[in-house]
Amino acid sequence: MPYIYMITPTKSRLTQMADLIRLRNTLQMVPKLYWVLIEDSEKKTERIANFLKESGIKYHHMAVKSPWTTEPKRFTFYRGSIQRNMALKWIQSLKQNDITIYFGDDDNSYDLQLFEEIRYTKIISIQPIALVGGLYYEKPVCQNFK
C-alpha cells in the first residue's frame, strides 16, 4: 500500500487550531499517511510542533514566510504556494518511489474515501474544489506533467 504525503500549508489565525484539530481527527484514520505541515511563518512555532507530536501521525514540520508583508492584491499570488513548493522540494529529496502526494488545506473537511481513491494514482489526478475563498471553484494548472 503506497504512502500518501499530504501537504498542508497553515497560517496563524483565530480558527487555526480548531481547523487543524478537525483535520488531524480525520487524518488519524488514514493508514500509511505522512503529513507535511508547513507554517506561513519565519520559524516553526512550539504550539504547532507540540500539536504534531501529540497527533500520532507521521509528520514533517516546516516553516517558510510568504514573501509579502501586507495583504496581496486578490489572486495575484496564491496563498500557500510558497509552502507547497517547499514541501515538494523536501519530498523530492527523499528519492522515494510509489507515493501519492495530496495538497490538502487545513480549513477543509475530507471524506475518508478520498484517500483510498487517490492512493493508487498513476502520474497525476486532479480534483477541482468548489466554493472556496469566494470563488466558484479552484483548480491546479498543469502543463507537460509539471
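We count from 1, first residue shown onward.
For all residues, glycine too, the Cβ spot is worked out from N, Cα and C.
Any TrEMBL annotation is an automated prediction that lacks curation.
These features come from TrEMBL:
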{"type": "BINDING", "residues": "D107", "note": "Mn(2+) binding site"}
{"type": "SITE", "residues": "E138", "note": "site 'Interaction with galactose moiety of substrate glycoprotein'"}
Local backbone state of the residue listed as 'Mn(2+) binding site', from DSSP in three classes: coil
All-chain count of other Cβ atoms within 10 Å of D107 (Mn(2+) binding site): 18
